[in-house]
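Q: The structure that follows is given in the form of structure tokens.
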Amino acid sequence: MTQFLPPNLLALFAPRDPIPYLPPLEKLPHEKHHNQPYCGIAPYIREFEDPRDAPPPTRAETREERMERKRREKIERRQQEVETELKMWDPHNDPNAQGDAFKTLFVARVNYDTTESKLRREFEVYGPIKRIHMVYSKRSGKPRGYAFIEYEHERDMHSAYKHADGKKIDGRRVLVDVERGRTVKGWRPRRLGGGLGGTRRGGADVNIRHSGRDDTSRYDERPGPSPLPHRDRDRDRERERRERSRERDKERERRRSRSRDRRRRSRSRDKEERRRSRERSKDKDRDRKRRSSRSRERARRERERKEELRGGGGDMAEPSEAGDAPPDDGPPGELGPDGPDGPEEKGRDRDRERRRSHRSERERRRDRDRDRDRDREHKRGERGSERGRDEARGGGGGQDNGLEGLGNDSRDMYMESEGGDGYLAPENGYLMEAAPE
């Protein structure tokens, strides 16, 4: 279909001109001709040097030997510098050391951001301060982390020396000591090979791990020929740390056991309380049933007694008729027409009824006293009392009169409720007459 396009569009589809041919700059590898062919090194062997005439090989320095050499050179150079500075060091003629040396306190390990006003606020609590000198680097002008504080009174310096050591200022615990440069004869600072610290004495086998005023003083003042006393101190410190850890573990276990015992006792108390409440509810239900049955029995006995009294009055009015029929309670054939068994039988009925009422009253009082004793024993938590109460309650259930199962308080209450003439207090709802002689 392109042949039907107009000429201007057909010109766009026309092919380009071919790439012009250029001759190569070099010949191809197979076209090259070598004038001199390859040969070996045999003709040149006679030009080599004789091995017998070669110089001996030079021994190169290894990496370990180079490091040891540099360390040795550094130590020698540092010793020379220390000897030179020792000749120039004189703390008594130092222009920066001013004031009384026995009133000056040395404070180290100070935070680099701590200012002089902050140090003054922290150390003024021990006494009035005369001057504070913070040490700065001469080259960079930055603080070096220690200062000298001069107090107006020597006693204030001693107080700060005792109580300010280990005080945390701006997140760092400072170390407090007296100024030893002008007070101790032959004293040398740490940079000149002296000082009290044992953390920079050498390698890991010589340095101590923990630094501080007390530890370093013990390190320097410890007598004995031991070449490495810090090992004994580290061993003692590790032993003390293990003992403290064991004591903390024992105390923690003791607290856990006490808490478990408290929980166990509380659970046992709750269980005992639930058991006693169930027993108390059962006793109350039993007492309620007993009272209802007693009330019904009492009403029945009252009706029977009224019927007997009513029937007994008819027998006494007509003795001739009563002689033919024997009474209900007495044996047949014993009562005559004029015999005195009728009034005696009534007296026995009254005595029997009185004993029954006394027994019911005693049982009611005994139940009430039992509940009261149970509550008392629950509050006291005495097992012996509870065991004695159970024995008393079990032993008093089979008695007829019910007084042996009662305590002294219950027996006294029962005696107080009974009158001097044989009458009981009107708690039963009616008064009982005394039995005839």
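Using N, Cα and C of the backbone, Cβ positions are placed for all residues, glycine too.
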Q: So one of Tyr126, Tyr136, Tyr151 should carry the feature phosphotyrosine according to Swiss-Prot; which one?
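A: That would be Tyr126, per the phosphotyrosine annotation in Swiss-Prot.
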Q: Do you know which of Ser137, Ser159, Ser320 is annotated phosphoserine by Swiss-Prot?
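A: Annotation hit in Swiss-Prot: Ser320.
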Q: Name the residue among Lys118, Lys138, Lys167, Lys185 that Swiss-Prot annotates as N6-acetyllysine.
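A: Among Lys118, Lys138, Lys167, Lys185, the one Swiss-Prot marks as N6-acetyllysine is Lys118.
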Q: By the record in Swiss-Prot, which of Lys284, Lys346 is the one labelled SUMO2 cross-link?
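A: Going through Lys284, Lys346 one by one, Swiss-Prot flags Lys346 as SUMO2 cross-link.
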Q: Can you tell which of Ser257, Ser268, Ser293, Ser357 Swiss-Prot marks as phosphoserine?
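A: The candidate carrying the phosphoserine note in Swiss-Prot is Ser268.
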Q: By a simple count, how many Cβ atoms lie within 10 Å of the Cβ of Lys118 (N6-acetyllysine), its own Cβ left out?
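A: Around Lys118 (N6-acetyllysine), other Cβ atoms within 10 Å: 14.
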Q: If you skip the near sequence neighbours and keep only those at least six away, which residues in the chain come within under 8 angstroms of Thr2 (N-acetylthreonine), Cβ to Cβ?
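A: When sequence neighbours closer than 6 are ignored, Thr2 (N-acetylthreonine) has Leu10, Phe13 within Cβ distance under 8 Å.
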Q: Please work out the helix, strand and coil residue numbers for the region 'Required for interaction with U1 RNA' (92-202) from the DSSP assignment.
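A: Its residues fall into 29 helix, 30 strand, 52 coil.
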Q: Looking at the modified residues Lys118, Tyr126, Ser268, which has the shortest Cα distance to Lys346 (SUMO2 cross-link)?
A: Ser268
Q: What are the non-local neighbours of Tyr126 (phosphotyrosine), defined as same-chain residues 6+ apart in sequence with CB under 8 A from its CB?
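A: Same-chain residues close to Tyr126 (phosphotyrosine) (Cβ under 8 Å, separated by 6 or more) are Tyr151, Asp156, Met157, Ser159, Ala160, His163, Ala164.
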Q: Are there residues at least six beyond either end of the compositional bias 'Basic and acidic residues' (294-310) with Cβ under 8 Å to its Cβ atoms? List them, or say none.
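A: Same-chain residues near the compositional bias 'Basic and acidic residues' (294-310) but 6 or more away: 328, 346, 349, 353, 356-357, 360.
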